[in-house]
Amino acid sequence: MQARALLPATLAILATLAVLALAREPPAAPCPARCDVSRCPSPRCPGGYVPDLCNCCLVCAASEGEPCGRPLDSPCGDSLECVRGVCRCRWTHTVCGTDGHTYADVCALQAASRRALQVSGTPVRQLQKGACPSGLHQLTSPRYKFNFIADVVEKIAPAVVHIELFLRHPLFGRNVPLSSGSGFIMSEAGLIVTNAHVVSSSSTASGRQQLKVQLQNGDAYEATIQDIDKKSDIATIVIHPKKKLPVLLLGHSADLRPGEFVVAIGSPFALQNTVTTGIVSTAQRDGKELGLRDSDMDYIQTDAIINYGNSGGPLVNLDGEVIGINTLKVAAGISFAIPSDRITRFLSEFQNKHVKDWKKRFIGIRMRTITPSLVEELKAANPDFPAVSSGIYVQEVVPNSPSQRGGIQDGDIIVKVNGRPLADSSELQEAVLNESSLLLEVRRGNDDLLFSIIPEVVM
C-alpha cells in the first residue's frame, strides 16, 4: 500500500524535472521567410563550415568529440558522423600525411590540414593508409616538391620498349644483329611507334630479317612491320601480347614553347629505360638546316641527350604526353625529334590507306604554325608583319605547284580553310588529304584575300 502511495509522487517529480530540462534549452528561432546573407556571421571555424538549420548561413561545424543531434546543435563537420549524441570520425584507421606525421584517423589529418592552410597556405594530404614508414623524410622538402622528372618517368617507362632487328643467316642459322633502338606502345593490343631506320636495314646480305621487341617487364615478342615511311622516318610495328599493354598518349607539339622541360627515354647501347632530360631549344627547326635536302619537316630541337639506341623512343612533356620521337643527334646538347603532330598525320594517312583507296595529295607549300615566338621573330625582320595570333605561315611555295598556280606567295598567312579557322599546320594538312578543293583565306600585309586551290594527287 505504501509503495502504491509513493508512485504518483515519483511520477510527478520526474515530470517536473523533464519540464525544467526543456525550459533550460532555448526554443529554436523560426527560419526567416527570406535569407539575408548580409546578416550572417563570419566565424573562424577550426572544424570547418556547415549550413545552419535554416540552410541560409554558414556556421561552425561541430568538431570531433562535441555533442550533436539536439535541435540547436551544429551538424558534425566533414568526415564526422553523429554517434550516440557525439561527433565521431567515420574512419578509425591511422593515416600518414604528406608532412611525414602519422595521424590517429582521417579526421585528425583534415583538422591539421585546415590549421596548416591558415598558417602556411600548404595543405596536408593523405599519403597512405596506416602509419608513416620509419625514416620518412618531410614530403614538403625540395626533394619531394620538385622531383617532377621522377614522376614523369614512373608514368611513361612501362610503355617504352627495346627493339632489335636481326638477320637470320641462311647457312649457319644464327641471328646477326643489324640495328637496335626504342619505341613506345600506342595501343593496348600491341601497336608500337618507332623510327623507320630502326626497323629497316640497307644491308645487302641474304637472309630473313626478324624484329624482336622486349617490354619493360622482360616479356619478348616477335614483331612485324605494319606501316613505314622512310622519308618521314616513322614506322609502326605490331606485336601480339597475351594481355593488355600500358600505352602513351600523343600530345600537341604545336603547343611547345622554347625553354619547356622535356624527358627523353630509350635504350641507348641496349641499356633499357635510360632517361635524359633537357629543354626545348626550338619547336620548328627546318630539316634543310640539318642538311636534309628533301625534308619537308620541322624538327623539335632539344638539349636532352639522344644516343645510338635512343632512336624511336619518346620525347615527352611533363604531363607524360609524347610530343616527339627521338631521331637525330648532331652534337652534344643538340638533338632532334620528329614532332607528335607529324606522327598523328602519319597514323591518320595510313589508317585512311587501309580503309579506302588512298591517294596522297599536296598543294606545294612549306609552312610553319603561327606562334607568339614566330611572330616576334618575323616582326624583328619585318616591322610591317601583320599582328596575327593564329594561322599558318607560308615559308616557301614550291615552283609549278597548285599553290603557286593558285596565287599563294612566300610570306602569306593562311588563316582559314573552307571557312574554318586554322590553329596549326596539321589542320591544313588534314584538309589537303580529305577535301577535293580548298578555299584559303590569306592575310597578305594588311589585305585579306581568297584563293581557290585544287590539291594535286601524287600516285
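Backbone N, Cα and C atoms are what each Cβ position is placed from, and that goes for glycine too.
Fair warning: this is a prediction, and the values are worked out from it, not measured in the lab.
Cross-referencing Cys87, Cys89 with Swiss-Prot gives Cys89 as the cysteine bonded to Cys107, criterion being a recorded disulfide. Listed in Swiss-Prot as the disulfide partner of Cys56, from the options Cys31, Cys35, Cys76, Cys82, is Cys35. All protein chains considered, the CB of Cys76 (disulfide bond) has 26 other CB atoms within 10 Å. Here the Cα atom of Cys89 (disulfide bond) is found 61 Å from that of His197 (active site, charge relay system).
Asp233 (active site, charge relay system) falls outside any helix or strand according to DSSP and counts as coil. Within 10 Å of Cys54 (disulfide bond), counting CA to CA, the disulfide-bonded residues Cys35, Cys68, Cys82, Cys132 contribute Cys35.
If you check the recorded positions Cys40, Cys57, Cys60, Cys132, His197 against Asp233 (active site, charge relay system), the ones with a Cα inside 10 Å of its Cα are His197.
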